[in-house]
Every structure is written in C-alpha cells, then in structure tokens.
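Student: The following block contains the structure, expressed as structure tokens.
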C-alpha cells in the first residue's frame, strides 16, 4: 500500500503492515471482491474510508459556533429545506426522464419487431429485436466499464454502506450519476430482466451528494452559509433524503420511499429526518404527477399508461375463507424458500462473475453482450412453445393487442388469436408485471406459460444482476414472484377462490420478503403500487411468513452484497462473543501520539509513515502537571495547519487566536472523499521541520473514550450508536501512558476479532 | 421526602436535600403538576423512576449468559414472538370490545332520545339524553378518581415518557388498564368530545406491560425462560409493540400503528423492532377483521357499520388545478394556526384544571359532571338554531334517517325534513366524522351549521381533555378539523371544485399536523381510514404546511403535556448551550462510593441516607495497587445481596461462585416499579453490620463513563443514544479519586442546568 494513501480507515493500513500474517485472509478476501465491483482507478485498489459523523468539538468549531448569528442559523435551516426541495425536484425529473426514455426506446423496438412479425418476417424480427438489445446493452456496458465502474449493479448496497459510515471512492461521484442514469436507460431498454428501481435509489443518493457538497472551490461556488453543509453529518441526511426520493420516483410511492430509507437504507434515524425525507418524497410525488398530467395529451411520444408503474388492481375481494388463507400461507412459505435460494445462488454467481469482471473492461462488455443475447433468445424463442389461443369474444378490439403493449400479443398467431407467453416476454418488464397483476383475467394464462415464464425470469434475473450495467433487483424479484404467485393461484384454483391477479401481488410480496427481507416498506410500496388497501392483511401475512422462513437460511440480499464487496458494515447489535472480550483485546497496531505542542518534523514523519486518520494528542509537562490525554486530532486538520505554515521557533502555546487569524472554519470543512488536501500538496522545508506547531486549537477536546476493561460488546454499541470513527481506549490503572489505543470500525469487524480470537466462534 | 422512597431517579432525592434552595423552582413546579395528573397514593407524591435499559454486565449476567443453551435462546425467541402475538390478540379483542360496548350503549341512548323526539316530548328527550350522559360520565370519573387516577387523559404522553426511560408509578398497572378500558367506554358513550384512540394506545401499552412482566412471584407464575424477560429492555420493546397495536386497533390502521410507534411513541428504534411491531399490528388487523366478519350478520346488537372507523371516501378526484392548490395551502396555514392555538389554550386549561383536580376525588367528579352537562346542553340545544331542510328527493327513504345513526336526523323537524346540525351533534363522534367526510353531499350542510359545529367542538374539545376520564385527543382534533375543512371548502366553493368531503379530510389532516405535529404516521393513518390513495399528495402538502406553521409557535401537544406533568423527558438533540459546559459542571450532590469489599453497615447506612439507585464501587488496596474504579452497583442488587446475608467476618474476596450458589439470576431480575425488594424488607442485626460483603460479583464492570472535561452536549448525546440511567464522570488528571460523580437523567434537564448556570440561556 502506498504511503499516505489510506486504505479503509487509515489505521487499518498501518495495522495491516504490522499484522499482515494475521489478517491476510480478511484483506485478501476484501481485495478480491473489491476489485470487481468497486471502482478501479489505474491499477490501484480504490480507497474505502470511514466518514466523520462525530462533531469535532475543537476550539475552532466552538469559536465558529459562538460567532454564528441568528440570521445565519435561519439561513442554514432555509438552505437545508431548499436542498431537500432541490433533491426532490431533481430526482423526480430524472425519474420521469428515465421513464420517458425507456418507454420510447423500448416501445420503438417492440413496435418495429411486432410490425415485422405481422408480415411473417420472423427472422428479420428476431434480428431487429436482438440487434437493438445488443447495441443498447453494449452501450450501457461500455459506459459502465470505461466511465464509472461504480455505477454497475443496484447501488442500494453502496448507499446502505455509505449511510452506515463507509465511503467508497467515486461511489457517489458525478460521473457515477451520469452513467447510472444513461446506463440504466440502456439496460432497461435492452430488455434485460432488471429494474430501474435500485439505480433510481443510487441516482437519488448521487444527486443528494452533488447538491450537498457545500459548494465547490474548483468552480468557485462557495459562500458563507454553504460551508455549514461541508461535513459528513449533513451529507448523510441529504443522502438519506436522496435514497427515499429515489424509491418515491421509481415506484411513485412517496410513503414507501420514506419507509424504505428508514428500514433498509439508513443506519441512524432521527425524527427530524423522517420529516425531511417525507418532504422530499412529497416533492417527488408532486413533480411526477405534474409531468404525467403534461404527458397525458400525448406530448411524450410512446410514453402512455405504460410509464411509471401504477398497477391498478382494484380487485373487489372483501372476504376470504380458510382455504384461501391456507393457500396464502403456502405461498408465503414457498416464496421464503425460493427467495432464500435466490440469495444463495446470486451470491455464488456474483463471486464467479467477479473473476470475469476483474479482467478488465472488454471482458465486462463481453459478459454483458453474452447475457443480452441469451435474454433475447429466451424472450423471442420461448413464446414459440406456447400455443395460440382464440381471443375471448367479450373483449372486442382489445385482443389481439395492436400497438406496443397490452395483454394480448398476437406474435406468430393467426388473426383473432393471441400468444399468452409472448404477452409476457415481448413487453417491457413493467407491462409484464401489469399483465400478471391484472384481475378478472382468470383464464388468460396457461399453467405451462406461467411455469416457463417463472423459470426463465428466475434464472435470467440471477445471471443478469452481476453484469456491468446499472441493474435493480426489485423488478426481477417482482416478476418472478408475481408469475410464481399466479402459477400457485392457478394450481390452487380448485381450493381458493381468490383472484389470480391478487395471487400475483401476494407472490410478488412473498418473493420480496424472501430476498430483500424488508417488511413495512415493501408492504407500503405494494399498497401504493396497486392502490388496493383491502388486501393489506394478506400482504402482511405473506411477508411475515416468507421473511421468517428465509431468515432461517441466509441474510438479506443487500446485506449479502455489502459483505461480499468487503464494505465494513457495522451491525446494529453486538455479536454475543464480544461480551467475553474487552476493548483492550482488539486494540492493534503501533500507537502514534503527538505532544500538544509538537515538532513539525514529527508530524510530517507520522503522516508519511502511517495512513492513520486520527492521532491522540497528549498534554505533557510543562503544559500540564503530568501526561494527560488532551484529545484527538484529525489527519485532514493537521494537513491544513501544516499547509498554512504558522510555526513557531520555540515550543510555546500560540493559542487559538493565532489560528483564527490565519484560517477560517471553511478551511477545515470536510471535503468529499479524495477531494481534500493531500500529503503531496505540502511543501515543508528542512528548516521548518525543526519548528513547532501548537495543536490545541485543532484538537477535539472531547473524544469519546472507553476504559480498556470495557466489555467489547458495550464499546461496539457505543461506537455504532454514536456513529464514531475513532474511539479512544484509556488505561484503567493510573501511572501508565494516558492512552492505550484507538479503536476504529475495522476493529469491530467479526473477521478481525475472530482472526485474533479463533476460539470465540464456538460460543 | 421519605427515606428510601426515591422520588424521580433517587439521586434527585438526595440532591434535593442538599441543594434545595437552588432547585426549588424546578421541584415546586414538578410537584404541582405531578399531583394533579399522576397517581396520588395516600398523601404522598408518587415516585417517578428512571428505567434500566443498559445491560448490567456483571459476573452474574456473564455467567448466566454463558450457561444459556441454544435451546434456551430458541425458547426466548419463540416466547418473544408469542408475546407479540398475545399482545396483538389481546389489544385487538379489547379494541373490538370497546367498540361494541360504545356502539351499543351510545346507540341505545340515541335511540331512546330520538323516539321521544318523534313523539314531540322534547323535555323528556333532553332529560333522558342528559341523564344518560351524566350517569355514564359520573361512573367513568368515579372509576378514574378512586381506582386509578393514572388512567385519566390520553395516556400517550405517559407511554411516550416510559419509552424515553421514565416510569411513573402505576402508569401501566393492571388497575390502570381496567379503568382505562371501562372508563373509556363510559366517557365515549357519555357523548363527550373525546376519543378512544389515545386510551387504546395506553391500553395496548398496559397489556404489553402485563404480559411482559416475566411471570409473577406473587401468583407463582414463574418459569426458567420467562425470567429472561424480567428486564426493562425487553419490556420497552413489548410496550412499543403494545402502543402500535393500540393505534392499529383504534383506527384499523396496521401500518399507521407501526409508524405512530416509530414517529411519536418510541425514543429508541431498531430494525428488529419494526419487524415485531409490524407483526403485532398485523395480528390486530386480522383479529378485527375476523370479529367484524362475525358481527356482519347482526350478532353484536347495535354494532353495525358504525363501529370501527373506516370512512370510505372513495372520491373520484383525480385532477386538481391551481385554485384548488391555493385553497389547500390556505387550509394548511389556517390549520397550523388553529392547531397551535389549540395547544396553547389546552396548556392553559390543563394548568387551571390541575388546581381543581388536586383537591381530591369528589372535585374531579364534580368537574366531569359539569362538563358533561355543558356538553349535553350544547349537543341538544344548538341544533335548535338550525333550520329544517327538506330532504333531497333523490335519496328516498334515506332521509330523514330512521334508527340511531345516519346523515339526516329529523330532530324537531316535520316529516320529510332534516336538521343538519343535529345530524352532527346527536350522533357518536365516529358517525359525525363519517358524515363530514362523506363525498357527493355538497349541499347537505349549511355554512352556519358548519360554523356553529366547528366552534362548539373546538371549545368542547379543549375543556374536555383535562377531566378525570380516559380521553383521547385524536377524535376532537379530527372533528374540529374536518368541520373546519368542510367550512373552508364550502366558503371557497366558487374558486375550488374539490369535493367537500375531501376538504373535510384535508382539514382533519391540517389540524392533526397543527396539534400533534406528526407527519408520516398521520398521513398513513388517514390513508388507511379513508381508503383513498389518490388524495395522498394533497394530504402530504397540507401536513407539511400546517406542521411548519404550528412549529414556529409552540411544541406538539404530547410534548407539552409530558413537560407539564414534570416527566423528565430527554430530547434527542443536545441544547446549544450545552456545548459551552463540560460534564463536571453539572455533577451535583455528595458522591457515595463503596469499596469493592464493603462493610455491611456502610452499605445499610448509604441505602438509608440516600435514595441513589447506583453507587460506584472502588477497588482499593489490598485488592488493587491504587484506588481504581471497579464499576457500578445498583441499589436493587445490593438489596438482594443484603437480604441473602452471605457476609464474611473478614475483609476477603468471596468470589462469584459463592454468590452463584446462593442466588439465581432470577433473584436479580428487574421487577416492575414498586414491586421489587424494598429497604424495609431487610432485617440486618447489629452484629451483621460489622461484617463484610464482596461486591465484585454484582458490580457492573463496564459502566459507560466520560472524562470530566467532556463537552456536556456530547455527554448528553451519549446518555440519550445509549439509553443510560447512570453515567460515570471520571477525572482527567491522575492522582485524584477515581470517580468525580455520576450523571443521571435529571442532570441533563434544561431546568437543572439553567438553574445552575442562568447566564446560559442568553446564548
């Protein structure tokens, strides 16, 4: 690892050098998985860094805070709401643009294909269909592979990790945002079995990050009050809003968006945040509504009813009997089993794909193109297996469907007949779901059709996720779930009289519960999607069962991906074996401390040799009677002070006023990952290294600390609940140096602890 | 204050003796407010106590934890889910029972009255109406005043305080549960302008507390695995589920219940809890559905459609124009203003009522009876002001209404006419709301009618809340809001074409936002109540505006009541002035510490002299090289050890095994407030006071601690986020005693801090 370049929380870099043997397995695994999914810049593995959610209460902060006038606080509040408004507006617009683009591109493709089919030009139709898919897929993959590798996949796991306190390089960068939007349009239009919902969440988070940067030095977009946002705390809030706005825009589900952010995305939650995310998603809902109203008159090309999903189930089910309940319970159990299997297989496939993807961009594109061809073959080939059905006479001109979407595709069938499998395959995913959810269409789909479609979609969804294209998991899971639900409903027709469309909704719920393990948010999203409150108790029942069943096999799919990517995610609860350990047990690596008035050379050396991001500062005589812990100083703050060069010849206190004269609080504001001052920017002369610098003004005087004999479980809870980056471990007995070590996120990872204490696992 | 009897967190009791002068204003205020609302037993003020949410990691706990077998952990999980199931079942049943009882009693009363009215016996009708109301009100008030004074009011503030970590005596006791159920039935049937929703939340919490007691020694309901629940942590989770179940049962809104618990009730939240509350509310929904299905065939007396509120608005509004939006924004602003005014007036009235209520039970009953008479006069008298309207010809036999409920009461009108004001007043509150929400009835209500009704309900709601009857705030606020919304809608008829029923819903939302300041949960509850998803964006808009407007005037009504009752509620954020203080600044009172092997007499003396609930234990020579902090021991654990009398003649370590032999972990399990071992239960002889006891095994070796120079703001965040009861303050410089003091909830209260540092406020 290069000097100064801190891999995952800095301290780990040093620790890794010291205890390489011990942690080899962990690091190796992390590296392996990281390369494939997380950005590769040149040939270096990209940095993962912890975020500073703790308020650094040093003299500068306090002075800055004291000098804030009422009007500034008011400006800050106004600005925060304005940002939430802007995030909502932008996410709504992007979501709508995404929909229009997909509907038009995919619609044009499908129209072209079906016109050729009507003229019996089957081979040409396939060539056009597969060709369009191929081009779109290759374009999306190329964007992804060359411009922003971080944009591949769903993005929800990365957002989740960010909100847990782990920043990965370029995960929320503008380039990622760009690729996410256009890559997602390409991927969805290319007919893959993937969704635009996960990418929308990531897009929302990227937009929030961009807006929440607190201005930009580079583009001279700075002003006094914007700097108050230049910290990880406020950025976290914004990104939570962005994630909620993403779901709201993807599903047109404002309340579901808030609950998604709460249940799945965020690791910390405050009541104020609920309020702000709610505002953001309300803005999204209003924007979408206005735009849909605008498009109603046909101004948006092929964008019609097919756009933003809203499946009006409106089944009139009000009563259900015991056999119905048994059918629903069965659906829940099977959904849980198949969901857990989905997660298991996805993990295996992703691990296999990572070997292909890490060979470089051409291989990524090749893989994508292969999957695209496979998908095209399935979509176009499988419908030949279905037989043609005469149109129900009561439908009139609705069957066979003319135009691009609809329930009754004619495909190869003679006039007055339709191919039920083609109605599912040769449609956009949204339309396929709408067809499956539709009520009152008992006999539209044959059992064999549903079986083939379910099997194909389940398999295609698995092999599609890992390719280098922005790809959400919601739609594949809903597709598989709803076809499975309808299949079960049709099979159980003799014993249950529930509507088949309702069965499809329940099947989707059971699969969502089985893979993603979300409950309340899925419930509300489905509610908002289907606009049917009466089925709520059944959806709740199915979710409860499928989640319980699946939880006994493995973790939720997003947790699994977070783990596989090697992102050090802190769980909310402490592991049981941690109760047998104390904080001292996991402290590792050599501790580097500074004296409160330190020689410049010593600091430079420490910054060169280690990648630590926090250093304890010790008050020593003559500045105190005995050595005592003064606080913690951050690497970024040290760099600013060294760059400013206010050194003294002698070892004296310069006091805070000197620092205030030289620096504004804006200089110490936290920049985004990879953007702040770097060690290489310093230019310290030989003479200056012999001078002194007073660290008091920039030292956080109130770092959280635990006694070395503190139970590790309790230290972990403290670390997690307060969102810390560094936790000081202080000695229990007097007469020893005032600090034992520093705990970081890494030290609480089960891999690290079980590496040190292999016997723990048995407990 | 009596010895041993700890008022609010014990430490406060001692502190109060020491610094009486300083804290006089605070204590006086608390006492004043406490007496009136919180239980009075004999002539003593009842204890308020902090809850122990922190896991006490002493040797006993660790040993107990190590010895837990897999099967026990499995039992624990099963049991936890079973309890959630039982809470859901019980709350659903109680909620349904409540509804049936109210519908039958109130229905019978209304039927009797309207029959007399039909015979033109107006005076007799009033006598019957007012008489029934009076008897029901007096019965409810008598129950409340004599059996369980804690059952008066909504109960939501108390549940909220409990979940924040403050237990008030008898607030969740079985007697309170009993009175809450029957008092609420009486109160609602008596025609008061109050709701059963708040009491249902309290009822759910009481049920959860009862079930979560972890068995009972008294009734010999103990078993091995039930004891794992005998702690405040698990009880907190159960009570959160109970509160959610209460809302779910009151409104038939399972998702709304979960969100209510999350947004308004709970102070700590985990993902697992979301999952469990969701399960509980799903059970409630299923129970209610089954019972309603059962009653559909008329087996439940007068309980008909009028029961559990479900207002089917189903307006077909899909588009709205700019004037509509302006009308809605206006409604939001006015709702916010009137909501803030409501809170302001309610606070004044409650403070005035507390002087009456604290004079004793007869005065409470007198007040209730007075308000009952006033309400009866309004309900029966005001409809005479309205003129009779001929029935719309297209309604047929629906007008005038025959039977007890309906939109068109004939009251004093000739046949074929109805009195619109009587349709609102002489109905149950649920039916009045249903009438106001009903769509497509543009011209049913006159402007004057709506104005009179709004004004009467607004005023009656205010004067009703403080009486000694279980009374919820939701219904009065919804009543006032919906009549106000309909009024505004009718007035703005020329510019807005929205349905008047929709205006009523929006008005209710604006008032709920303005008084309770809830957002997402109100939104979802209204959604589930009205079963109309299309109005969601409008409801969100109204809520956002009304909450923002009202927030600039005062706090939410529940926060206000919590504060008024003197419950020490910890806010989630630290106050700004806390950044200028350090932990040492607010440490107060004399510190009493124990040696790790302490003389029995010293402990007895300490327990006698102070009401402290936690004592620091110091390791001293010869047990350590220098004095060091060993940990923290709880009062309740000391009492158990003293009761067990395993003392030694000499000052020696007995070790944990001795304690394990004598005590099971069940002996140390935390009993409910007022139920555990008391100091008076001890019987220590003169000789025994000279003996020693080893405190090591019962000492929590890992108490959370902060350095004395830690910023008070950060200490407060630590205290709040981790749900602590005691926070040790340790010295910064070596060579001093190993502990400076202990911070409790009380020390973080603004009143306490501003009492010590009056200048802080200016910042």
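The backbone N, Cα and C atoms fix where each Cβ goes, and this holds for glycine too.
Those TrEMBL annotations? Automatic predictions, nothing curated.
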Student: Could you tell me which of the ranges B:404-426, B:473-495, B:542-564, B:565-587 is annotated in TrEMBL as transmembrane segment?
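Tutor: It is B:473-495 that TrEMBL annotates as transmembrane segment.
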Student: Scan B:33-59, B:168-194, B:195-221 against TrEMBL and say which stretch is down as transmembrane segment.
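Tutor: Transmembrane segment, as annotated by TrEMBL, spans B:168-194.
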Student: Tell me which range among B:73-94, B:95-116 TrEMBL lists as transmembrane segment.
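Tutor: Comparing B:73-94, B:95-116 with TrEMBL, transmembrane segment matches B:73-94.
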Student: Which bits of the chain, at least 6 residues beyond where the transmembrane segment (B:502-527) starts or stops, bring a Cβ under 8 A of a Cβ in it?
Tutor: 247, 251, 253, 255-256, 259-260, 262-264, 311, 313, 315, 317, 327-328, 331-332, 334-340, 342-343, 433, 436-437, 439, 473-474, 477-478, 480-490, 533, 535-536, 538-540, 542-547, 549-551, 555-558
Student: Can the transmembrane segment (B:365-386) be said to touch the transmembrane segment (B:445-467) if we require at least 3 CB pairs below 8 Å and skip pairs under 6 apart in sequence?
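Tutor: Judged by the Cβ rule, the two regions touch, with the required three close pairs present.
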Student: Among B:73-94, B:238-261, B:273-292, B:325-345, B:473-495, which stretch has the highest count of C-beta pairs below 8 Å with the transmembrane segment (B:168-194)?
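Tutor: Ranked by Cβ pairs under 8 Å, first place goes to B:473-495.
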Student: Could you check whether the transmembrane segment (B:73-94) packs against the transmembrane segment (B:273-292) - three or more CB pairs closer than 8 Å, residues at least 6 apart in sequence?
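Tutor: Answer yes: the transmembrane segment (B:73-94) meets the transmembrane segment (B:273-292) with 3 or more Cβ pairs below 8 Å.
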Student: Give me the mean pLDDT over the domain 'CBS' (B:699-762), rounded to a whole number.
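Tutor: A mean pLDDT of 88 is what the predicted model shows over the domain 'CBS' (B:699-762).
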Student: By a Cβ-Cβ criterion of under 8 Å, what residues six or more beyond either terminus of the transmembrane segment (B:325-345) are in contact with it?
Tutor: 458, 461-462, 477, 480-481, 484-485, 488-489, 492, 495-496, 498, 503, 506-507, 509-515, 538, 541-550, 553-557, 560
Student: Pull the DSSP breakdown for the domain 'CBS' (B:699-762) and write it out as helix, strand, coil residue counts.
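Tutor: DSSP classes over the domain 'CBS' (B:699-762) add up to 26 helix, 12 strand, 26 coil.
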